[in-house]
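Peer 1: The transmembrane segment annotation in TrEMBL covers 29-54, 66-85, 97-117, 123-144, 156-178, 184-206, 273-296, 311-334, 341-360, 454-480, 525-543. Annotation comment: TrEMBL describes 29-547 as domain 'Major facilitator superfamily (MFS) profile'.
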Amino acid sequence: MEGGVHEFDGSTFKECFSLSWRNPYVLRLAFSAGIGGLLFGYDTGVISGALLYIRDDFASVDRQTWLQEMIVSMAVAGAIIGAAIGGWATDRFGRRASILAADFLFFAGAAVMASAMGPAQLVVGRVFVGLGVGMASMTAPLYISEASPARIRGALVSTNGFLITGGQFLAYLINLAFTKAPGTWRWMLGVAAVPAVVQFGLMLFLPESPRWLYRKGRAEEAEAILRRIYSAAEVEREIAELKESVAAEARERGSSEKLSAATLLRTATVRRALVAGVGLQVFQQLVGINTVMYYSPTIVQLAGFASNQTALALSLVTSGLNALGSVVSIYFIDRTGRKKLLIISLVGVILSLGVLTAVFHETASHSPAVSAADTGHFNSSLICPAYSAATTGGGFWDCTRCLKAKSTACGFCASGAGNKLLPGACLASGNDTARDACHGEGRLWYTRGCPSRYGWLALVGLALYIIFFSPGMGTVPWIVNSEIYPLRYRGVCGGVAATANWVSNLAVAQSFLSLTQAIGTSWTFLIFGGLSVAALAFVLVCVPETKGLPIEEVEKMLERRELRLRFWAPRTGDADGAGKESGKRGGGG
């Protein structure tokens with residue numbers, strides 16, 4: 001039922017800003033709540049750069065991959081709990097109160113991390129931040145969705161996605177700005193307290209979601225807010241649809257507020273919505289996006305760029321493209337439709353992951369050789385013990401084998417002959433002495449990846465991945481989850497879907513570095529490519545189109561929904577239905 005209610009004669013993107021210009025109150029609601037998205041993006045993006053310098057300050061973090069993964073993924077673990085609590089809290093206490101609670105958690109987490117004296121305190125601060133991220137991830141888009149006119153709802157919810165990616169881009173800028181400052185990572189992590197305070201102040205002066213108020217029996221308050229959001233011609237229709245939705249809920253469950261998993265799964269409408277919503281959130285993570293956002297500088301180093309500053313600067317490009325993709329999503333989401341955007345996005349993601357798989361395979365199989373003569377001119381105490389033991393029995397060593405030495409941590413000192421692809425030295429990397437000796441000769445020091453002539457192709461692959469992911473899989477799952485559930489179940493189902501997102505996120509974040517060590521970077525990206533193919537099949541079969549439908553009419557669409565593999569073809573009678581609806585609603589926008 002694609003666009004069965006609203007016809008799009010012009011750009012919905014332009015209409016969004018035109019309406020917001022005429023009624024700035026709508027834009028104020030959307031952007032104030034959307035600061036939660038900015039915090040979400042900042043706190044998930046900042047750790048990628050901060051981790052490079054945390055490794056330098058804490059030797060235990062540098063030596064142990066699992067500890068790096070824990071610092072990254074504990075925010076995700078906190079987000080799982082935050083999303084679950086958020087689903088309950090938004091229904092019990094309201095959307096606005098949940099956003100205020102998330103701001104407090106963001107502030108507390110930033111303060112704890114900025115003052116951390118060791119890895120344990122960092123982990124605690126990351127858990128606090130994660131709780132805030134989890135609550136914001138499902139509450140902010142829900143608040144925006146319920147306070148937006150139907151015809152521009154997708155575009156306004158997309159502003160939350162834009163602010164998420166904008167927050168990630170800001171995180172990379174802040175990371176780059178503080179690379180030379182005393183305390184580096186403390187500033188990077190502590191800055192997150194500022195937007196949390198700003199949003200807390202703004203939300204104190206904004207109203208609760210009108211739909212939540214109506215459901216709680218506060219009809220007069222809800223209607224007053226709706227009259228500020230909708231035009232006089234539209235507001236009576238919106239109030240009537242809300243009354244119908246609440247009345248249907250009352251008929252179904254009376255005054256009972258108890259919900260159970262069995263109730264959700266027995267209700268066909270809710271079950272179909274959950275399959276689509278939860279599936280999209282899970283696949284959003286399983287296609288690998290947060291390996292790029294959490295570990296982007298590390299991936300750049302794996303591609304053959306040694307310097308921390310260079311890795312951060314190049315990662316800024318991918319983060320900027322991610323923010324740009326969100327702007328593209330705002331333009332196309334109500335024009336092209338949710339499902340088509342998802343399919344285009346996933347096809348591009350699959351091709352991009354194929355490029356990354358091929359590039360990292362070539363990088364690993366054509367790395368520079370280790371030169372016995374070059375290694376031997378360093379002090380014997382600096383030479384990698386595994387290399388010394390292996391060369392007594394013969395065998396060929398290259399940079400890849402040097403970095404994967406199991407007995408001790410080793411690094412590769414690139415050739416000093418002006419060409420980093422020539423044979424270099426394999427040295428111990430357990431302390432800074434070998435690194436300093438390598439740098440003292442004006443040579444590059446590698447511990448993550450090897451010098452490669454294909455490094456620039458890896459950057460191209462990452463850029464293509466972000467360009468395709470961001471407008472579709474980056475924003476559409478959140479939009480679909482904000483509009484697909486019946487009113488009575490919206491908070492709970494949104495919490496279930498957001499929790500599923502964060503559980504999947506945790507699995508990816510906690511395993512990526514270990515996977516690259518165990519099976520190699522190319523095989524890791526190949527796995528993500530296979531999961532992307534599965535995601536494409538899921539979207540084709542299980543995800544309905546909700547473009548332009550008022551929230552209450554999404555329920556009716558799910559009740560009669562049939563399997564449609566020919567997603568590009570209009571449904572029989574869609575044009576007639578849209579025309580009739582337009583006649584009823586004075587054009588319907």
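Along the chain as shown, the residues are counted starting at 1.
Using N, Cα and C of the backbone, Cβ positions are placed for all residues, glycine too.
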Peer 1: Of the listed stretches 97-117, 156-178, 341-360, 454-480, 525-543, which one has the most C-beta pairs under 8 A with the transmembrane segment (184-206)?
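Peer 2: Maximum Cβ contact count belongs to 97-117.
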Peer 1: How about the transmembrane segment (454-480) with the transmembrane segment (97-117) - do they touch, taking at least 3 C-beta pairs under 8 Å (6 or more apart in sequence) as contact?
Peer 2: no
Peer 1: Determine which recorded stretch among 66-85, 123-144, 311-334, 525-543 has the most C-beta pairs below 8 angstroms with the transmembrane segment (341-360).
Peer 2: 525-543
Peer 1: How about the transmembrane segment (123-144) with the transmembrane segment (29-54) - do they touch, taking at least 3 C-beta pairs under 8 Å (6 or more apart in sequence) as contact?
Peer 2: yes
Peer 1: Within the domain 'Major facilitator superfamily (MFS) profile' (29-547), what mean pLDDT does the predicted structure show?
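Peer 2: Looking only at the domain 'Major facilitator superfamily (MFS) profile' (29-547), pLDDT averages out to 84.
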Peer 1: Within this structure, do the transmembrane segment (66-85) and the transmembrane segment (525-543) have 3 or more Cβ pairs under 8 angstroms, counting pairs 6 or more apart in sequence?
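Peer 2: No, these stretches are not in contact.
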Peer 1: Before we move on, state whether the transmembrane segment (311-334) and the transmembrane segment (29-54) share at least 3 Cβ pairs under 8 Å, counting only pairs 6 or more apart in sequence.
Peer 2: yes
